[in-house]
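Colleague: Let me begin by handing over the structure; questions about it come next.
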Ligand SMILES: [Fe+2]
Ligand SMILES: [Fe+2]
């Protein structure tokens, strides 16, 4: 099948966000807190570079001011909520796939494609929260149960309801990532006006968020192409799920 490709409670340690790698400790604490496999953080640098830092284009980097407390808190909560959201996405597809593909075997490649992308997103944020020592949300166990239940429940209602679930979730998540990208670009603008640059790490984060946002919107398109709008009652189902997503995002950013 051809698949179209488009689409504060800040901890002391998280105050180290986006500082040089030599400040980053082992990810074992985050691994224990998550109870899941997190790729090991990059090997810390052992000594500072003797020469001036350079930007990705090869020129000398402009001096960057340190992040403000608000900026560090924003980045911590952004990574925390994104990691929780991507965990939920993998669990929704894990629960939906056996039921959906039993009644509609032709959807196997599509379900696998979307699941694989969600696993990639989850791995990305696992790495980032471990690298920057951001604590995961305390709601992690509850989200795990609820998202698996949501996937199973909608798949039991049929393919249309399962697709409506994806439509609702991805609508909210697309908006959520767009909001984060907007905030980061505003942060970059403030840094530029202050005479400094955004720095390669934050630039890379914006690129990562844009890529993941596009993949989420691709999932939304797939869901609509596969009869999400035919779910009954579509307005109630998607409205309920979207409300749940908003609540989960709000809580995961804070707790
Ligand atoms: Fe995702
Ligand atoms: Fe997705």
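From the backbone N, Cα and C atoms, a Cβ is placed for every residue, glycine too.
Automated prediction, rather than curation, is the source of TrEMBL annotations.
The Fe cation 1 binding site annotation in TrEMBL covers 86, 118, 121, 216. The Fe cation 2 binding site annotation in TrEMBL covers 118, 170, 216, 219. What TrEMBL lists as region 'Disordered' is 28-67.
Let's see these features in context: how buried, what's close, how far.
Modeller: Its Cβ taken as reference, residue 216 (Fe cation 1 binding site) is surrounded by 27 other Cβ atoms within 10 Å in the chains shown.
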Colleague: I'd like the number of other C-beta atoms within 10 A of the C-beta of residue 86 (Fe cation 1 binding site), please.
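Modeller: Its Cβ has 23 other Cβ atoms within 10 Å.
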Colleague: Please work out the number of neighbouring Cβ atoms within 10 Å of the Cβ of residue 121 (Fe cation 1 binding site), leaving out its own Cβ.
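Modeller: Its Cβ has 22 other Cβ atoms within 10 Å.
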Colleague: Have a look at the binding-site residues 86, 118, 121 and say which one has the shortest Cα distance to residue 219 (Fe cation 2 binding site).
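Modeller: Sorting the binding-site residues by distance from residue 219 (Fe cation 2 binding site), the top entry is 118.
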Colleague: For the binding-site residues 86, 121, 216, which residues place their CB under 6 A from an atom of ligand 2?
Modeller: 216
